[in-house]
Structures are given as structure tokens and as C-alpha cells.
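The structure appears below as C-alpha cells.
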Amino acid sequence: MVGTANNGRMRHAFSVVNSEEVGLNSAPPSNAGSEYGGFEFTREDVYGLLNERMKYKNKFNYKERCENMMDYIKRLRLCIKWFQELEGGYLFEQEKLQNALDFTESKCVEMDLILKNKEEELNLIIVELRKSLASLQEKLSKEKSEKLAALDSLAKEKEARLTVEKSQASLLEEKGKIQGELQSANQRITSVNDMYKLLQEYNSSLQLYNSKLQTDLDTAHENVKRGEKEKAAIVENLCTLRGQFTSLQDQFNSCKVLPMRMMMAVLKATVDEGVKQKDALVNEIASLRAELQQEKCLSQSNQLKTLQDELEATQNKLRVSDLSAFETKTEFEDQKKLISELQNRLEDAELKIIDGEKFRKKLHNTILELKGNIRVFCRVRPLIPEDSPGADGRVISFPTTTEALGRGIDLAQNGQKYSFTFDKVFMPDASQEDVFVEISQLVQSALDGYKVCIFAYGQTGSGKTYTMMGKPGNPEQKGLIPRSLEQIFQTKQSLQSQGWKYEMQVSMLEIYNETIRDLLSTKDSSRAEYGSNGKQYAIKHDANGNTLVSDLTVVDVCSTREVSFLLDQASHSRSVGKTQMNEQSSRSHFVFTLRISGVNENTEQQVQGVLNLIDLAGSERLSKSGSTGDRLRETQAINRSLSSLSDVIFALAKKEDHVPFRHSKLTYLLQPCLGGDSKTLMFANISPDNFSLGESLCSLRFASRVNACEIGTPRRQANMRSFESRLSLG
């Protein structure tokens, strides 16, 4: 009676597992611990079990019917048990879900509170952002107005420049005329002085001649006196003859006894002789008198006439000389006044030229800062005894036109002329003071919160280290680095009265064979001769464009003396060597960094400035330097780093998307200076030696490319001091 259900086919529904169906099919397994564990029912199994009808072969076979019924009851019990366990599982799941719901609701409440707090914070942030947006819009409008003002100032600068150039040209012409007039006046003054000297000499000669005439007059008076004495002697002789005649007459009277003839003859002879002597004496006396009188009169009259004529001529000449001297003196005074007036006008014109040049430089610097160009100064060193024989410096010349004066340089090679124009060109006779005056305002801006970078570029032996460091022991030949530090500390002292307080830190390093060396570290083993086991310093740039070198020694400084001591220490630690082109050649790139932090206690303003002063190693050709061994490796490393610098400049000039700053340590260290928001200036040092003509031309071409690069507008790092920092400082 009892048969197999479904026409004798066995049902395997109790062993079917289908956990992916919905409803009854998706019920979790809940009978794992029961005696029927491992069975699950599907919807079809349950409906099939409930709708199952038993079929028997023999309806009177009660045993079969009982067995089938027991099997059916057993299956029903199994199904009921499964449903109970399923219900328990659902209740457990319901309780679990209820707990999860309660937990989720509590979380939702907490999230609502957090959201409310966040909403309040966001509202505050939105208010602040709106305020900042308003301030930024004001700043934007201000910057736009400043930009318009800058454009207006640019136009005005162009007009002013044209005006200044015209006025400069006119002043130069006037200066030339004034110099010509001054030269002619000086010549006239010289001629008048010569004439005055001649007149003085002639006057002195007349005085000598007058004294000579006076001497001759005295001699004539002496001659007259001598003639009078001779006259007295003749009169005395005549008296003597008369006495002799009287004596002869007496003798005649006494000789009457003699014969008459003898006596007459003797008497006649005596008388004749006496008469003759008398006549001779009378004639002699008359002739002497006549001669004396005539000589005396003639000589005296002639002398007097001559003296009178000479005296009159002398007086006339003296009157003429007095008149000419007075006229000359008057003309000299007029010329002196004219020269003084011309000198005053010349000084005024030179002051106007200087003021115009300062105004032009200021506007030019403003334009360059707005454009963001790298400024380039060119300096030509003077010829030195070590230069090649026959070098006369004629290969380099400086144009004198108004536009290129002080800014242009010409180089001649193989009969071809190359012209370059930079922001400033220093001739060989320019002093260290002249060079520093041009960069003093740029150095000053580091105290105002700007990042400033000045680096010297050029071939070896062109004067880079002299420009940056100067000559030790000679105050007049101090370089840009010590002069910049003196100005920084002097300005720091002067700004204390305005409420500014500054803190300064110094670091110095060199890049030698693509290895960074700390020049202030006393424990740096990398400063050995070959430097293979030294520290590894890493270069890092933060979001604000500041450069940091890990583990680098940083020293707080308060005076110029401290920095000078550190500079001496670094100069003794720097790598130098001897080559055929330079006796003391720098074999590394030297980087001096001064970090400035300032705060104004009156306005609560803070500034952060950086001054980078860099002395690059000189480029050189192996064929000329004759480097071998260590010098050869140094030269190759220097040329590679400078070549990387050239690649960076090329990429910046072409405004390429990728700039290869990471190709060398030097370019990566200079990345904020070449591609950031700093004020950057390059010194292109040039040698006038004919032997270095090719390298000088390469340096000038590189400097022109650098001058054409735009790196962005300099940004001042300034903000207001926070309340916490005021509390910590107060």
C-alpha cells in the first residue's frame, strides 16, 4: 500500500541548497546544530511538500501507507523545525538589525551635531573667505590700478626718457660749447698772464736801465770834477811859469855886464822859449777848456735828452701797461665770473643728468620687476701683467651714443664686430665702490622681505671672485659680499628707530665635483682632498619657494665682524687650484646665503627675506687650461654644471613646459632664483685678453640670453604677526 511519491521517483528537495534566492530561498542557514542539520528548503520544496498527494499501489496495504505517512510526517517535522529555526534566525537578525538601527540612529544624531558644528565652522570660513575675497578683489583692483599706473609710468618713463635724452643731448652740446668757451677763456687768461709777465719783465728791465743811466750820470759828474781839478793844476802851472819869467827878468838885469850879444841871444832864446811855452800852455788851456766845456755840455745835454726821452717813453709804457693791466684785470674778472657761471651751469647740468639717470634707472628697474626679467651687469676687468704679450684691450670697445652709453659693449673678432646691450656695463677703470652703488638698492630689498640672488658668471681668470669677495686686507677693494653685509647691518641699525628688529642667519656651501660641502662645519669629512666619504646633503624646496639644504650648518649673526670671521673661515676651506689660465682658480661654486627675519613692533608686520650671493666656478677649455688628474675631473664637473645652467636658460627663454633644473646640483639649488619670484641679477665678467676672446664672446652671448629670460614678478614675503606669536614674544 505504501509506495514512492511522485510515481515512485525519490525527492531530493531536502538536500538542495540555494542561498541566493529571495524570500525563503535567502533564509540564512539556521539548522546547523539540529539533528537535521545541513538541510534547507526552497519555496518549491515547501509548496511541493504541502501539495503532495500520496499514491499507493494498493490502497489496502496499510503498512506501506503507514511508512509513507511516517516519512511524510518526518518531512513535515523537518520542515516545521526548519521554519522554527528560520524564525529564530529572523528574530536574531531582527534584534541585530534593531541594535544596528539604534546604533545608526545614535551615530546619525552625533553626525547631525558634527554636521551642525561643521556647518557653523563652514559658515565662519565662508564669512572669512568672503572677507578675504573682498580683500583680494580690492587687492586685485589695486594691482590693476597699479598695473595701469605702471603702464602710465612706463609711457611717462618713455616720454621722460626721450625728454631726458634730448635734454642730455642738449646739455652735452651745451657742455661742449661751455668747455670750448672755457678752453678759449683759459687760453686768453694764459695769454694775458704771459703778457702781464712780459710787462713785468720789461718794467724791471726799464728800472735796470734807469739805474744804469743814473750810474752814467754820476760818472759824468765825476769827469767834470776831474776836469775842474785839471784846470786848477794848469792855472797853478801858469802861475809857476810867471814866476819863472820874473826870475828870468831878474837874471837879465843881473847879467848886463855880459856882452850885449850873448845876453841878447840868451835872452831872446829864453824869451822865445818862454813865449812858446806860454803860447803852448795858453793854447793847451784854451783847448782843454773848450774841449771840457764842449764835452761837458754835449755829454750832459745828450745824456739829459736821452734820459728824458727814455723816461718819457718809460712813463708812456708804464701808463700803457697800467691801462692794459687794468683792462686785463677787468677782462680776467669778467672771464672768472663767466667761468664760475659756466661751472655752476655745468654742475647743474651734471646734477640734472644724474637725477635723470637715477629716475631712468628707477623706472627701468620697476619695468624689469614688472616683467620679471633677470637683470644682467657686464664688467670688463683691466689688463694685468699675466695677460698674453701684445694684448692692448682694443678688441673690446664701448659705444658713446646716448642710447648705448654705459649699457653697450662691442667685441671685435676676425674683422667682425659684435654688439651687446645690458642693464649696465662697467669699464675696466670702474672701482668696487662704483659697482656696489649700482646694486645697493637691490641688496636693500632683502631687508624689505624679498628674495634676492646675485651671481657672478664668466671664464676662469675674468675677475668673478674679485668682484664678489674683493682683495683681502685692502678696504678700498672689498667685494660685493662684504659691502652688502656692511650695508645690511648699517640699515638694520638705522631701522631700529622705526620699530624694526631683525634676526639674521648665515650659511655657506660649495658645490665641488657635484658634491655639496658645508664650509662652516668643523666636522665635515667631505672636505678631505678627494672628498669621497663625506656627508650627503639633500636640497629641498618648500611650497613658498624657499630652499633648504639638510644638515647644513646655520649660524646666527649680529654684526659684520662675525660674518667677516665666517667668510675668512669659508675662504680657507674653499677648493682652489692652479691652472695655466689662473694662478688661484676657484674649483667649486661658492654659495653665500643670508636669511633675514624682521618684525615691526609698532605695526606688527613680519618680513622674511633671503640674500643669495654666488661666485660660480669659471668655465675653461681643456686645451688652454692644461688640466690633468684632479684638475681635469674638476674642470669636467664645472663645465657640466655650467652646461646644465645653459640648458635651463635656454628652456626658460623658450618658455618650455619642462625646465631641466634637476640635471645638476647647481641648477636645482638655483631653481627658486631662476624660475621663482625672486629678484635676480647676473654679473657677466669679461677678460680683455686676446687669448680669451672666444670665451668672452660665449660669455656675452650667454648673458644676452639670460637677460631675455622672464622668471616672474618678485613677491614680497610679508604678513601680520599672529596673536600667539605676540604672546610668545611678549
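Quick reminder: no glycine exception, Cβ is built from N, Cα and C everywhere.
Record note: among 62-118, 119-175, 632-688, 119-175 is the stretch given as coiled coil by TrEMBL. Its own atom aside, the Cβ of G458 (ATP binding site) has 29 Cβ atoms within 10 angstroms in the protein chains shown. Considering other CB atoms within 10 Å as the measure, the emptiest surroundings among the binding-site residues T460, S462 are those of T460. All protein chains shown were included, and the count of other CB atoms within 10 Å of the CB of G463 (ATP binding site) stands at 20.
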